[in-house]
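If you check Swiss-Prot, you get these features:
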ACT_SITE  His451  active site, for 3-hydroxyacyl-CoA dehydrogenase activity
BINDING   Asp297, Asn501, Tyr660  substrate binding site
BINDING   Met325, Asp344, Val401, Val402, Glu403, Lys408, Ser430, Asn454  NAD(+) binding site
REGION    1-190  region 'Enoyl-CoA hydratase/isomerase'
REGION    312-715  region '3-hydroxyacyl-CoA dehydrogenase'
SITE      Glu120  site 'Important for catalytic activity'
SITE      Glu140  site 'Important for catalytic activity'
Amino acid sequence: MIYEGKAITVKALESGIVELNFDLKGESVNKFNRLTLNDLRQAVDAIKADASVKGVIVTSGKDVFIVGADITEFVDNFKLPDEELVAGNLEANKIFSDFEDLGVPTVVAINGIALGGGFEMCMAADYRVMSTTAKVGLPEVKLGIYPGFGGTVRLPRLIGVDNAVEWIASGKENRAEDALKVHAVDAVVAPEKLQEAALDLVKRAISGELDYKAKRQPKLDKLKLNAIEQMMAFETSKAFVAGQAGPNYPAPVEAIKTIQKAANFGRDKAIEVEAAGFVKLAKTSVAQSLVGLFLSDQELKKKAKAYDKQARDVKLAAVLGAGIMGGGIAYQSAVKGTPILMKDIREEGIQMGLDEASKLLGKRVEKGRLTPEKMAQALNAIRPTMSYGDFGNVDIVVEAVVENPKVKHAVLAEVEGHVREDAIIASNTSTISISYLAQALKRPENFCGMHFFNPVHMMPLVEVIRGEKTSETAIATTVAYAKKMGKSPVVVNDCPGFLVNRVLFPYFGGFARAIAHGVDFVRADKVMEKFGWPMGPAYLMDVVGMDTGHHGRDVMAEGFPDRMKDDTRTAVDVMYDANRLGQKNGKGFYAYEMDKKGKPKKVVDPQAYELLKPIVAETRELSDEDIINYMMIPLCLETVRCLEDGIVETAAEADMGLIYGIGFPPFRGGALRYIDSIGVAEFVAMADKYADLGPLYHPTAKLREMAANGQRFYG
């Protein structure tokens, strides 16, 4: 053994060839943490010191090669002073460069996935052999940063600027054939042939058949582009990528600027340019929010996994109520491998559900994400029915009938009589109390909420709601089924609106106040979209439906009369009373026309302004910042209350619920992380400026205490 560490070993194989093997002890995957980097430095030094070494192959002892840097270390690292962070980055980069500069040929064998720092390690080798099932990529932009271990330097010198920009700016994972096509790897072989192919390559390089020094040299030199070629490549790509990423996600464009700045430098100077830009991005609130979001998502997955032991296996599911929602649930279950019965009392409901599932499956086939055979398989897994005949075999039933307590009570009581005693029944209610709905059941312990968000196939969140009598088995089984469907479940306790709708309606309340104070709803939409929301409040209400919004607001007003009851006539009342229900009937705040693709396109309708005139109580001169605060303060404060009331257990779950459920701007990290970014004391002071707008704007006593003590939601 030439070197043995806790993450890396180096052993002699044959004829002067050594194997540098990544196998991080106590972990299921390899990652670049401090320990691994330290091991790599010592391993490279050991290889350099051994005169008998003629070639190196790099392998992984795990099912994946290296998943990237250890993101849990980012939070503390990114707090370091700039100079210290740059120095640490350059120190790490020297390890990769020392490996690249070894006086012998190096070949890396890529199995599973090699992402971020994992793929940057691969690029430091002379040759790359990749398994047919492996994937490679540089996903750092998804964390608000760009590659920091030489990725912006080596990749453009390996595969050309255009290809490198596409890989880095998109952050996508690339399959073996695509990597080979652009020369990011040198060979692709079957997984079982990987070691053999790597050994063959290194032997050919040792014998002189392959000139490894000539292969290595372009990575050490400046980019082979003249000034005109550089201008054409970089200026065009910057404009295109800026349009794609938008102003709130600077990392993709900064990556291109870094490649451009370093284009005329050799490797070492180019890496210094990369390090300076990397640190600049690491210090942005966007990077801090996106790194936090990643860690919160990991926490969410961990919490969901903790329920696995208590969960019963769901082999057959059922959905009550077909239509668009039922069809979406059936599609999601079937396409992820769980057969499902889809029951409705009307044939047209069944047909609508089947049409929805067929449409969604057809789109996947069109995009090449599903074969026609798999589509047929998924469709066959959806069994339409108008009776309860087969419900005796069902493990879980999702009730998705109309949002009416009486109807739901009747349907729930009825289905309970047709399922096994241990079957779980879940309601897809968006606002009605689970404990109240459970009153219709003989076995309330087997009942919980399972709230999907529209459109089901696109929205990652499922709220799993615990009622007063819900058992842990019911929660665990529902969480496991949601995960099986490819969703991100968040367990919440029962209250009107649960987590997401309870938080969303105060946001709409803020919007109603803005309109009452003379704000043009089109302006409000533009301001909130610029803030980062996928759509503004007026457009969102049109998409949700004025009838749904009106009903939801009444439920919330009944549940929280002290702050959500509004005796004044609001914009939603006006639209609802005028039968302007939104997209569903072609008129709401906006009017809707069909575009060439048959999708509703919003247009400004003067009649909407006429209808709203009588409810403008006073015209206030409100800035864009005021408009943002009118809506964001109530949303954030209600999220705080949900955490304080124990509706949701952690800040991470609250924030991820909003990001996955209503499209809260990811780069802002969620409502509680947004408060942290402003500062708790500063946020409280800001809310106090709007105190005259009512109780929705009044911070809780506990939040004031946090402000006084300098506390945060995230350490």
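Placement of Cβ uses the backbone N, Cα and C atoms for every residue, glycine included.
This view paints the features noted in Swiss-Prot onto the structure.
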residue: Glu140; record: site 'Important for catalytic activity'; Cβ within 10 Å: 29
residue: Met325; record: NAD(+) binding site; Cβ within 10 Å: 21
residue: Asp344; record: NAD(+) binding site; Cβ within 10 Å: 23
residue: Val401; record: NAD(+) binding site; Cβ within 10 Å: 24
residue: Val402; record: NAD(+) binding site; Cβ within 10 Å: 10
residue: Glu403; record: NAD(+) binding site; Cβ within 10 Å: 18
residue: Lys408; record: NAD(+) binding site; Cβ within 10 Å: 23
residue: Ser430; record: NAD(+) binding site; Cβ within 10 Å: 22
residue: Asn454; record: NAD(+) binding site; Cβ within 10 Å: 15
residue: Tyr660; record: substrate binding site; Cβ within 10 Å: 24
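The Cβ neighbour count for Asp297 (substrate binding site), using a 10 Å radius and every protein chain shown, is 17. Farthest C-alpha pair in the substrate-binding residues Asp297, Asn501, Tyr660: 20 Å apart. Model confidence over the region '3-hydroxyacyl-CoA dehydrogenase' (312-715) stands at 95, taken as the mean pLDDT rounded to a whole number. Ranked by Cβ neighbours within 10 A across all protein chains shown, the recorded positions Glu120, His451, Asn501 are led by Glu120.
For Asn501 (substrate binding site) paired with Ser430 (NAD(+) binding site), the C-alpha to C-alpha distance reads 7 Å. In space, Tyr660 is the closest of the recorded positions Glu120, Glu140, Asp297, Tyr660 to Asn454 (NAD(+) binding site), judged by Cα positions. You'll find the Cα of Tyr660 (substrate binding site) roughly 26 Å from the Cα of Lys408 (NAD(+) binding site). The maximum pairwise C-alpha distance among Met325, Asp344, Val401, Val402, Glu403, Lys408, Ser430, Asn454, the residues recorded as binding NAD(+), is 20 Å. In this structure, the CA atom of Glu120 (site 'Important for catalytic activity') is 25 Å away from the CA atom of Asp297 (substrate binding site). Put simply, of the recorded positions Glu140, Met325, Val402, Lys408, the one whose Cα is nearest the Cα of Asp297 (substrate binding site) is Glu140. Under the DSSP three-state reduction, Glu120 (site 'Important for catalytic activity') is assigned to helix. Asp344 (NAD(+) binding site) sits 46 Å from Glu140 (site 'Important for catalytic activity'), taking the CA atoms of both as reference points.
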